[in-house]
Amino acid sequence: MGKLPHSLRSAKLLLPFHKPPPSPSPPSPSPPLSQSPSPPESSVFFRSPLKKPKKPSKTPRGTLNASPPPPQQHVFRSPLLSDAIATFDAHVASSPSLDPTSLLQSFCNAGASPADALSFLRHISPSLAPGRAAFHVLLGHTCLHPSAPDPAAVLDLMSDNGSPPDAASADLAVRALCSADRLDDACVLLRDRLASVADRFTYNFLVRRFARYRPISTAYALIKELRGAGLQPDLVTYTNLIDAVCRGRNLREATRLLGKLADAGFKPDCYVYNVIMKGYCMVDQYGEVMEVYNRMKDEGIKPDLVTYNTLVYGLSKAGMLSQAKKFLDVMADMGHFPDVVTYTSLMNGMCRKGDALGALKLLEEMEEKGCTPNECTYNTMLMGLCKAKCLDKGIQLYQEMIAKAMKLENPTYATFVRALCRANKIAEAYEVFDYAIDSKSLTDVTAYMALENSLKWLNKAKV
């Protein structure tokens, strides 16, 4: 029903140069006016259109007289090295101002292999003198291929051409290798070739990847190796480790790392404590959550909104609603006002206690205070109302969900359909099934299985 507060997330690597340009698609002919489709028929049971008409896009200021960007120079259509060299040799004499970075990026986008891209760069180097940006294109393209050779050849070529690898080169290579699931290659490359130029951002990114997707012992071994190369862990490193062990529900190890963090001369911040509090919520140790909160106050660390939302979530899930509601006033006194996560956590706890109507009043209070509920809020309330046998209220809430084009979560859908079938509202249950499919809330199989199980129960009850 409710969801955990915000947690650490890793961003995906964005390297636009390795993606081929989209092929233009022919425009679809518009249908004649006499054959224009008619609007769908409205159903008797709270049916409304799922798609809203798109508003016309507004032109940004200052762009009315702006010229379109220039087209990419000499886009290669073939991934063959011979074709690329022939095209380049045919244009180099007539166009002396060619951009080597754009040329190499175009060749990589055409599907060239890393070896051919390296050979092409060597071919154009005497004529165009590529800079560091061109080598970064080649480095990223090489690292992104799982079957590509060691990128050391690209690093050697950079040094031979007067552009030795820097911190940006190290970060690009490590992130590209990790995106290609080559964590071991990234570790070797950073340790043997790039340790002297890599910064803490690259170091912590690699440690985070190992801690998230490998056993925690491999992350410890990586830190030990990189220490020998002169890279020392910092507060972010320990935070990544603590987050990884908390995700694995190993709170004892998290406590040990917290002690090591202090021994290394770092003071835990609010973010570290939020991660540990979230970990205790995952293992339903809500007394420990309060102890962590009190420890924060004793050490003079000011809690933030995530801290209070974690507290409210944990206390509400444990059924300690009176204590959870007290933190609403504490939040206001500290300058943090309840948001949708706070209210949804409280509603989740109230529904668990059987007070779905009280949670419905809290939803109205939430909207009056200008806090807009989201899909999680509505799914939590709909499930709570169905379990409390307030089906009429649940139907009204479901109508609002349809009007706002919200999706149904799997547990909410199954609970709602089961409640409708038990109330002998079979036609309505089928329409909820149709909405779940049309809104892409669930797959066909998942939605059908829940409906079939509810109908089987109804047939058994009639016997």
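Glycine is no exception: its Cβ is also placed from the backbone N, Cα and C atoms.
The compositional bias 'Pro residues' annotation in TrEMBL covers 18-40.
Annotation comment: TrEMBL describes 49-58 as compositional bias 'Basic residues'.
Under the heading region 'Disordered', TrEMBL lists 1-76.
DSSP places the residues of the repeat 'PPR' (199-233) in helix, strand and coil in these numbers: 27 helix, 0 strand, 8 coil. Among the features that TrEMBL reports, repeat 'PPR' is placed at 199-233 (among others).
According to TrEMBL, the feature repeat 'PPR' maps to 234-268 (among others). When Cβ-Cβ distances below 8 Å are used as the criterion, the repeat 'PPR' (234-268) is approached by residues 7-8, 200, 203-204, 207-208, 211-212, 216, 219, 223, 275-276, 278-280, 282-283, 285, 288, 299, 301 of the same chain, each at least six residues removed from its ends.
Broken down by DSSP into helix, strand and coil, the repeat 'PPR' (269-303) contains 26 helix, 0 strand, 9 coil. As annotated by TrEMBL, repeat 'PPR' applies to 269-303 (among others).
Counting residues 6+ beyond its ends, the repeat 'PPR' (304-338) has Cβ neighbours under 8 Å at 2, 4-6, 270, 273-274, 277-278, 280-281, 284, 286, 289-290, 293, 296, 345-346, 348-350, 352-353, 366, 371 in the same chain. Under the heading repeat 'PPR', TrEMBL lists 304-338 (among others).
Under the heading repeat 'PPR', TrEMBL lists 339-373 (among others). Remote same-chain residues near the repeat 'PPR' (339-373) are listed as 1-3, 5, 305, 308-309, 312-313, 315-317, 319, 321, 324-325, 328, 331, 380-381, 383-385, 387-388, 390, 393, 397 (criterion: CB distance under 8 Å, separation of at least six residues from the stretch ends).
Among the features that TrEMBL reports, repeat 'PPR' is placed at 374-408 (among others).
Helix, strand and coil content of the repeat 'PPR' (339-373), in residues and according to DSSP, is 26 helix, 0 strand, 9 coil.
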